[in-house]
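> My structure is below; once you've seen it, I'll send some questions.
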Amino acid sequence: MLSAEHRAIVKATVPLLESGGEALTTHFYKTMLAEYPSVRPLFNQAHQQSGDQPRALANAVLMYARHIDQLEQLGGLVSQIVNKHVALNILPEHYPIVGACLLRAIREVLGAEIATDAVIEAWGAAYQQLADLLIGLEENVYVEKETATGGWRGTRAFVVARKVKESDEITSFYLRPADGGELLEFHPGQYIGLKLIVDGEEIRRNYSLSAAANGREYRISVKREPNGKASNYLHDSVNEGATLDLLTPSGDFTLEHNDKPLVLISGGVGITPTLAMLNAALQTSRPIHFIHATRHGGVHAFRDHIDELAARHPQLKRFYVYEKPRHDDEAHHAEGYIDEARLIEWLPATRDVDVYFLGPKSFMQAVKRHLKTIGVPEKQSRYEFFGPASALD
């Protein structure tokens with residue numbers, strides 16, 4: 001039980017987390033992944049090496065400590081965590097491992113003089129409160145997905161019905177249930193989890209669903225990353241007829257249905273969730289402005305599909321920005337990068353729009369800044385990270 005004294009102690013550690021939280025979480029991951037191999041498949045080693053995962057956890061721990069008296073203020077963060085956990089099939093038995101390693105990291109990084117028995121006790125109680133909250137919320141989602149039409153719990157086998165090269169870097173996989181059963185619906189913008197065995201090692205990854213729900217199959221579109229263990233395995237070793245283990249669709253970066261003009265802005269492989277949103281939005285009459293930035297035509301996936309949609313749907317306007325176009329690239333609307341002048345030109349005159357954007361972090365930082373400058377309300381601009389969440393400001 002988290003007492004008033006526990007809360008006071010946790011809040012008193014906020015300055016320490018602000019200055020040293022990342023060192024603490026880096027030590028935490030190093031310890032946990034070395035000593036508990038059972039949890040390694042749940043974490044992307046590239047995100048560990050880049051520091052993105054420890055940084056994201058440090059921010060989450062800090063936010064929790066700051067709002068320990070008003071957990072309702074964590075609503076958005078809690079929802080993101082629950083969705084990520086469900087897509088990876090995080091289970092109650094994983095939480096004691098995390099808790100033990102977190103408390104150990106607090107003691108070892110802060111030292112016994114600061115991380116006294118009282119501090120460890122307070123953080124132990126605080127962690128248990130958070131774990132109980134997440135376990136309960138996640139169980140609700142697991143039950144909801146298991147009992148829904150076409151739903152399941154844990155993994156379900158899917159067959160690769162088609163494998164299609166979309167660009168020099170991106171390949172799509174069309175996945176149908178191996179049991180021939182019904183398919184769980186999903187919301188445009190959500191992702192799905194894959195459980196893979198690569199070189200004898202289990203790994204789990206999340207990939208955006210890149211086509212609107214059709215009741216027959218899911219589509220993921222995977223960019224080959226130079227050192228990506230999962231993406232290279234999918235590109236090189238998974239062919240039509242292969243079977244993959246999928247976890248249920250998840251994610252809270254989803255299309256909100258209303259009559260406002262819709263603006264979809266993507267960079268690189270960030271196009272994948274916006275495609276599902278685009279296809280769903282075209283079932284309505286709302287105006288759509290689709291803006292995509294990429295390096296050049298060779299890595300521009302789905303161009304023919306979007307051009308064909310624009311030819312059939314007058315409500316859709318699309319704009320392409322090539323950073324370094326090749327001499328034989330098809331026509332594009334601008335060279336370089338998306339900037340304020342181009343957004344002013346390409347967006348509707350009204351700033352009462354709904355904007356969804358996704359891409360590399362530096363791309364999203366620039367887009368967020370430009371949208372704010374030209375007057376798009378911040379509450380109507382939504383974004384998501386591939387991988388651990390971070391701050392754009």
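Here, residue 1 is simply the first one shown, and the rest follow in order.
Glycine is no exception: its Cβ is also placed from the backbone N, Cα and C atoms.
According to Swiss-Prot, the record shows the following:
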type	residues	note
ACT_SITE	Tyr95	active site, charge relay system
ACT_SITE	Glu138	active site, charge relay system
DOMAIN	1-139	domain 'Globin'
REGION	150-393	region 'Reductase'
SITE	Lys84	site 'Influences the redox potential of the prosthetic heme and FAD groups'
SITE	Glu384	site 'Influences the redox potential of the prosthetic heme and FAD groups'
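Describe the structural context of these features.
The C-beta environment of Tyr95 (active site, charge relay system), restricted to residues of the same chain at least 6 apart in sequence and closer than 8 Å, consists of Ala131, Leu134, Ile135.
A C-beta separation below 8 Å, combined with a sequence spacing of at least six in one chain, links Glu138 (active site, charge relay system) to Val82, His85, Val86, Ile90.
Mean model confidence for the region 'Reductase' (150-393) is a pLDDT of 94.
DSSP gives Lys84 (site 'Influences the redox potential of the prosthetic heme and FAD groups') a helix state. Residue density at Lys84 (site 'Influences the redox potential of the prosthetic heme and FAD groups'): 21 other Cβ atoms are found within 10 A of its Cβ, drawing on all protein chains shown.
Long-range C-beta contacts of Glu384 (site 'Influences the redox potential of the prosthetic heme and FAD groups'), restricted to its own chain and to partners at least six residues apart, with a cutoff below 8 Å, comprise Gly189, Gly251, Phe253, Pro273, Leu358.
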> Could you put numbers on the helix, strand and coil content of the domain 'Globin' (1-139), residue by residue per DSSP?
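Its residues divide into 116 helix, 0 strand, 23 coil.
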